[in-house]
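Visitor: This is the structure I have questions about; it appears just below.
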Amino acid sequence: MLQLPLVVTAQVDLVLVLVSLLALWTRLSHLSYPNAVVFDEVYYGQFVSLYMKRVFFIDDSGPPLGHMILALGAYLGGFDGNFVWNRIGAEYPSGVTVWSLRVLPALCGSLCVPLVYLLTLEMRFSHLSALGAAFCLRCSRFMLLESVLIFFVLLAFFSYLRFHNAPTSSWFRYIWLLLCGISCAAAVGVKYMGVFSYLLLLGVAFLHTWNLIGDRTISHCVCRVVCLLVVPVLLYVFWFYIHLSLLNRSGPHDQLMSSAFQASLQGGLSRITQGQPLEVAYGSQVTLRSAASQPIPCWLHSHKANYPIRYENGRGSSHQQQVTCYPFKDVNNWWIIKHPGRQELVVDTPPQPVRHGDVIQLVHGMTSRFLNSHDVAAPMSPHAQEVSGYVDFNVSMPAQNLWKVDIANREAESEVWKTILSEVRLVHVNTSAVVKLSGVSLPDWGFRQLEVVAEKLFKAHSSSLGWNVEEHRYGTSQEQKEREAELHSPTHIDVDRKISFWAKFVELQWKMLTVKQEESEHKYSSAPLEWITMETNIAYWLHATTNAQIHLIGNPVSWGVANLSLLAYQLLAVVYLLRRRRGLKDLPDGTH
């Protein structure tokens, strides 16, 4: 029977409550001021707009979780993505809810204050030290990712300390360990800088686990591996799954991706490739995109211009028709797959597909020249063979226009040459050289287009050898004029093709790590020494009429104390080590 009175007691840390309320008030009040773009809001706002329109993009600075958090705030505020983020200081129109754009970073910054307070207490420091540490946090009122990153990093370390300090008999401690793994995945998902904090935490966890391995009564090493390794990896993949599910429309960064990736997006290459035949057959009309042409795509191309008889350095050429790689869609990018034993340039009924190992000829659609190579040095890369459109000058230079189809990814796809999906190497039958993009631009006589050469397989870098069919149709016209008209007006046959999430995920990871924007000196960049001396600051915003300004500056007190503390710590460490070397033990052996 319940006895009265019923008494409930609770301990409340009033300091924690006060600093939390103060943090929320200082960061959330008047959040819409200034009603203009502040510093890197001009950068992150562009990605928010693309999320609102579900347009694909690549940000080489980091994974997508941070952008998705900013986009979530914009979505909740009814932002439609139509604002043009073109300059710092641009006024937000009345239809843009500025508060919703900034609220989630501000909320993360607010939560950092109590987190630092609790983290300091968990490290066995005093309440006064915890209070001082909590008041050192600033700069979290704008649509930037720094406060979001710091929040997840702090949450990861706080969660791990709670797990480490909790009684071993408590099952609830594993909730803290799981939260630590989730926070690590979120930190890395916001910015790749979070990897450094994650590695530090893994190092600490490894040392703790190593000390416990000898204890046979403890069997929770598997839990540590699952929570700190498996969960972060799965969540990292999950962030990209959401990202790719949301961004399913063609955008400004399509050209950085493969043809298969582009074809999976609505409104871009998919409009061109929709309904194309899947299997390449004899008589097919195709455009061949180089797999090495990154970040700018280019297609195998030829035109009615020959290589010069002699180059600027005095070397001679074959004077045959130029074959290049052209970075624009053009009718001269079309080639016809021809069977060497037949004269017809049309597709049979039913079509005869081209398979791995087949020998073919490639006929240029607009000039009817055969793709050719021979033992003549390439114009800009004399170590490689020239690739040309064969012209019969009635001299002792017979055509060498047979090419063996080598499907590099046939194990993942099939032995049949497929549109978009197959990565093909064209191996010259006479010399075993492979058609590749050299990466060098031709001079004015080559219209500054990219050089295409043939190089021995053992010399060539494998990533520069692949070509994939991007546009494809079954040719039906045997006469040249009819064929030229056909090249300008393609017809399609409906065939469905898709690229898997894992293929898109791997490709996107590679592009984010390898494709970098052109680096230039930033007007607000600073040297490491200036971080200590605080000689520079960053102007975040300037009002055009009232001269009101927002600057990012260092706090002289906290920065000065921190710098002196680091210097003093290093000096004391050296002094104590020297004294211990001389047999004077100022600190007990168990001190860390």
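Don't overthink the numbers, they just go from 1 along the chain as shown.
Heads up, the Cβ atoms here are built off N, Cα and C, so glycines get one too.
Quick paste of what TrEMBL says about this protein:
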- 277-340: domain 'MIR' (DOMAIN)
- 351-408: domain 'MIR' (DOMAIN)
- 6-25: transmembrane segment (TRANSMEM)
- 62-79: transmembrane segment (TRANSMEM)
- 99-121: transmembrane segment (TRANSMEM)
- 142-163: transmembrane segment (TRANSMEM)
- 175-201: transmembrane segment (TRANSMEM)
- 221-242: transmembrane segment (TRANSMEM)
- 557-578: transmembrane segment (TRANSMEM)
Visitor: Under 8 Å, at least three CB pairs between the transmembrane segment (99-121) and the transmembrane segment (175-201) (pairs 6 or more apart)?
Guide: no
Visitor: Are there three or more C-beta pairs under 8 angstroms joining the transmembrane segment (6-25) and the transmembrane segment (62-79), sequence spacing 6 or more?
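Guide: Touching, no - the transmembrane segment (62-79) and the transmembrane segment (6-25) miss the threshold of 3 or more Cβ pairs under 8 Å.
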Visitor: Counting only residues 6 or more past its boundaries, what in the same chain has a CB within less than 8 Å of a CB in the transmembrane segment (557-578)?
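Guide: Those are 136, 532, 534, 586-587, in sequence order.
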Visitor: Near the transmembrane segment (221-242), which residues from the same chain, at least 6 beyond its ends, have a CB less than 8 A from one of its CBs?
Guide: 63-65, 68, 174, 177-178, 180-182, 184-186, 188-189, 198, 201-202, 205, 209, 212-213, 501, 505, 508
Visitor: Report, as numbers and ranges, every residue of the chain located at least six residues beyond the transmembrane segment (175-201) whose Cβ falls under 8 Å of a Cβ in that stretch; write 'none' if there are none.
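Guide: Long-range Cβ neighbours of the transmembrane segment (175-201): 61-66, 69, 145, 148-149, 152-153, 155-157, 159-160, 162-163, 166, 223-224, 226-229, 231-236, 239.
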